[in-house]
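Peer 1: Can you keep this structure in mind? I'll have questions shortly.
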Amino acid sequence: MTPRKPTLRVERSLQREGYALLAGMDEVGRGALAGPVSVGVVVVDESTRTVPQGVRDSKLLSPQARERMVPKVRRWARAYAVGHASAAEIDELGIMACLRLAGTRALAQLDVVPDLVILDGNHDWLTDPARAGLFAFGDDGPVTPPVRTMIKADMRCSSVAAASVLAKVERDGMLVEMAQEHPHYGWAGNKGYSCKEHLDALDEHGPCVQHRRSWRRFAAAQAEVVEAVEGVEEQAHTGATRADAASTPMEELV
């Protein structure tokens with residue numbers, strides 16, 4: 001079955017509800033072992049024309065096709081941006097908080113404030129739970145626009161599909177650059193995701209600064225290392241104790 005082409009039907013319907021400036025938003029890199037998580041945002045308004053031909057969810061396009069789409073999307077969009085959260089931030093804050101962080105960083109780059117964000121999926125990771133509904137408190141921190149979640153929005157909504165393309169191309173470029181400094185892991189090809197080449201390199205070289213060390217794989221490996229080190233230290237201590245006992249004069253032992 002041929003995937004449906006994204007259109008502006010959803011965006012037009014929401015504009016009739018009064019949301020003039022609509023932002024499509026999508027993330028890439030959530031499940032990777034290394035590199036940032038990235039969030040793209042593309043804003044359309046009532047004057048926005050039909051999306052450039054060929055724009056699809058980034059997963060359905062070849063790398064070359066995605067690269068060709070970027071300048072077309074930038075000319076087409078009312079506004080656009082990509083935000084990132086690093087591997088270190090993911091380790092410190094967790095992936096959901098970093099999706100929110102990358103999304104708010106993308107929004108902060110825009111020269112407009114969207115009336116509504118269309119978010120791919122069924123979970124609103126953009127809105128800070130501490131500032132939502134009955135749980136809202138305080139006035140500190142950025143306030144995100146209202147969010148409308150939609151399953152398969154990247155296949156239905158032109159703005160979301162375009163956002164996924166921008167985020168994917170920008171993050172892929174970052175991983176290609178990181179691969180020059182850390183060539184063992186094959187990031188120019190696997191873009192930080194799990195694959196045999198990446199996993200074999202991790203077994204041989206261990207993780208680097210760009211890896212998400214809080215991920216279960218690394219946490220388990222770290223636990224094994226700590227256990228092994230403690231075992232060696234215990235053996236060394238036991239051996240030293242026996243050696244001390246063997247060298248102690250008999251009169252000191254009685």
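Yeah, the Cβs are placed from backbone N, Cα and C, and that goes for glycine too.
For ASP26, GLU27, ASP120, the entry in TrEMBL reads divalent metal cation binding site. Taken from TrEMBL, the feature domain 'RNase H type-2' applies to 20-227. Residues annotated as region 'Disordered' in TrEMBL: 233-254.
Could you tell me the structural context for the features on the list?
Peer 2: Around the Cβ of GLU27 (divalent metal cation binding site), the same chain contributes VAL37, SER38, VAL39, GLY40, LEU99, ALA102, GLY103, ASP120, ALA167, each under 8 angstroms and 6 or more positions distant in sequence. In the three-state DSSP scheme, GLU27 (divalent metal cation binding site) falls into the strand class.
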Peer 1: Quick one, of the binding-site residues ASP26, ASP120, which Cβ has the fewest other Cβ within 10 Å?
Peer 2: ASP120
